[in-house]
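Below: one structure, written as structure tokens.
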Amino acid sequence: MRVNNSRSTNPLAPAFDVYGQKLKNDRDLSYNGVISVGNPPQSFRVVFDTGSDIFWLPKKGCRSSGPLTGACRSGSGLYNPSGSAVNTGQTFKITYGTGDAVGTYYMDEMAFGDPNGEQLKMPEKVQIGAASQMTFSDEGILGLSFPAPDSPTPIFQKAVELGVMTEPVFTTFLKLCPGGCENGGVITFGGVDTDNCGEITDWAPVDDSKMHWRFNMGGYEAGNLRNERAAPAITDTGTSFILGPSADIAAIARQIGAVRQRNGDYLISCAKDFKFKIKFGTQWYQIKSHFLKISLGRYCQLTMAAADIGFWVLGDPFIRQYCQVHDVQNKRVGIAQAYN
């Protein structure tokens, strides 16, 4: 975790220019980090998601259903909005590609990092969703995208507004770690990550009216197939795969030798080496084949899947090879080689 102590425009704010939020890698399928909420502080592991805008936690007494739920049932790791929390009376509902969360907004104290280590504390209370019902997963999420019209200001943008950081930029670095690891990546809030990322080689303007970090992808290349038709795409730390239109994913799979299964997944030989590129900004960028496979033993699962949602999702496999630099003020996203 990297923390640079420097200046702040808010005399009540901690004097950080750059703060490194350490992430845990869960078998290359998800990344989460520790934050604390409330006074006395309650610690939580949350997914830092550039594909959504709301910050929410599972609330004490919640109900959840789905394959990745367990917190509500066990009663552990749940937000108890007492003490420093203030109920706003406002409700929220957020829908993801796999599930949703419903609850009530509270104002409460919040800090990045583990209370037992170096923290970045927000100088005033922030808006936090306390989810009473969830489907698919009941792990908290801290959204880092642009806000939807009816959503509160996302946490990072709020930190910039409050003068906690002088640069409205954050960088995502996700480590390749198939077996999972504690030091699985870092989000550098307030600047460019020069420890884990190379020089920025390109920028793409972002359409923030769509909420996501959404830009035009100039095309893709797989095997002997080259498609230079521009298509909208988003960069998303909260998605384990690269998602694309079903016709395009099927065409790519044919080129690289992946076979579609009945459930829609694609399997490929773990020994198979193939080339896949996308056009980001003005240049073509190759994603090496080992970033696009997860071992299932005899075969590997291709970390690309079909999703006819109107745009591509460049999820964790892409970000593991290329750091993403998110420039909130200039509404653009940059790309840099990750040291993986």
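Cβ from N, Cα, C; glycine included.
Within the set Cys72, Cys177, the cysteine that TrEMBL bonds to Cys62 via a disulfide is Cys72. Take the candidates Cys300, Cys323; TrEMBL pairs Cys270 in a disulfide bond with Cys300. Considering only the disulfide-bonded residues Cys62, Cys72, Cys270, Cys300, the Cβ with the fewest other Cβ atoms within 10 Å is that of Cys270.
Ranking the active-site residues Asp49, Asp236 by the number of CB atoms within 10 A of their own CB puts Asp236 at the top. Inclusion criterion for the recorded positions Asp49, Cys62, Cys72, Cys270, Cys300: a C-alpha placed within 10 angstroms of the C-alpha of Asp236 (active site); this criterion is met by Asp49.
On a Cα basis, Cys300 (disulfide bond) lies 37 Å away from Cys62 (disulfide bond). Distance noted between the C-alpha atoms of Cys300 (disulfide bond) and Asp49 (active site) is 26 Å.
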